[in-house]
Amino acid sequence: MPAIAVLAAAAAAWCFLQVESRHLDALAGGAGPNHGNFLDNDQWLSTVSQYDRDKYWNRFRDDDYFRNWNPNKPFDQALDPSKDPCLKVKCSPHKVCVTQDYQTALCVSRKHLLPRQKKGNVAQKHWVGPSNLVKCKPCPVAQSAMVCGSDGHSYTSKCKLEFHACSTGKSLATLCDGPCPCLPEPEPPKHKAERSACTDKELRNLASRLKDWFGALHEDANRVIKPTSSNTAQGRFDTSILPICKDSLGWMFNKLDMNYDLLLDPSEINAIYLDKYEPCIKPLFNSCDSFKDGKLSNNEWCYCFQKPGGLPCQNEMNRIQKLSKGKSLLGAFIPRCNEEGYYKATQCHGSTGQCWCVDKYGNELAGSRKQGAVSCEEEQETSGDFGSGGSVVLLDDLEYERELGPKDKEGKLRVHTRAVTEDDEDEDDDKEDEVGYIW
């Protein structure tokens, strides 16, 4: 009987051992070939991917970084090392963690790691632990500007670039501000060679063109506004305030002098600035500003248009004298000049006996050439030179002179000056407004 009890106990123990052995084998078989490392299990890896789809993993990452992330690029696209997937994975002692992309972490055997790296199958070996990150300065949580690194990857800040360089041991530098790729730097604008100072000839030509323009405006004004016998006295200018040049230049000066201080300030001169078409207009008026105060007085304005060397008839006479060199030029035409150096209205050729009419620049008037003497009306304008104002008056002054009567014994008109009232000025302004000039 005792022997039977011993055999029964032994049989029960053997059965228990068999059951436990099978249970352990079943557990071992479920672990797969990687014995004991559940992190290498495919089911666990799929769970990591599921976390990514559910947005659990990304909440630990930099939102501003992944906003610009391109999954098609390799992993060395400058992930934030502090958010590396391997930091959350703990491999067995004989394995090391590597990342296959920005969301997948794998535990790989150390003995298989080096051969796979040589073949290039593993993108990058990551840190065994966070010890390498201790020496790198972390970046503050603050909004910053994105930069492009020398490795061709975009970083959310310069600090992130430096952190990545520190943690990986790479030598990185900032190529440009903003995301990669860096746009080519625009070529520095080719500055046009600054225009050299205007020559005296250019200034004289410009002054001559401006005088012609002022003359045309003045002529149109006198043609449109015809003073009548009833309002002539009230509508004429007070000649005592006119500049020293009393032709179209004086008329233009008074048109520009809006505050009637006999000075043209820059705002008043700007009314005739044509920089786009006349690049020398500013140099012209700057050269006339003798006192360098930024304003033109009436004398400076008049002198501005009588630069020496700009007198057409006098220049022609000088040219003829140089050609003759003391010899008599028989049969040659010799022009007639006035005291200001411009052409007289009537010109005659002594050899042919023909006469014709010209303007002050010597241009012949069409149909005026005749055999013998011709009657040419003298110009109503002079060059604007000093002293020329006494011989020529404005058209509206001529109408006024006809009412005053004959000249005195010395041939001078008897002019009675009177003060200009505010009502007279208002009437004159109203007439000017009706014309509608465009300066």
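Cβ coordinates come from backbone N, Cα and C, glycine included.
Which of 40-64, 215-239, 415-439 counts as region 'Disordered' depends on Swiss-Prot, and there it is 415-439. Per Swiss-Prot, the disulphide partner of CYS376 among CYS355, CYS357 is CYS357. Per Swiss-Prot, the cysteine from CYS107, CYS159, CYS166 that shares a disulfide bond with CYS139 is CYS159. All protein chains considered, the CB of CYS148 (disulfide bond) has 20 other CB atoms within 10 Å.
Note on proximity: of the disulfide-bonded residues CYS91, CYS97, CYS166, CYS355, the one nearest CYS148 (disulfide bond) is CYS166, by Cα distance. Look at CYS107 (disulfide bond): DSSP puts it in a strand.
Taken residue by residue with DSSP, CYS139 (disulfide bond) is part of neither helix nor strand, so it is coil. Within the model, the domain 'Thyroglobulin type-1' (310-376) shows a mean pLDDT value of 83, rounded to a whole number. Cα spacing between CYS348 (disulfide bond) and CYS357 (disulfide bond): 9 Å, rounded to the nearest whole number. Annotation for the disulfide-bonded residues CYS86, CYS107, CYS180, CYS313: lowest Cβ count within 10 Å of the residue's own Cβ, CYS180.
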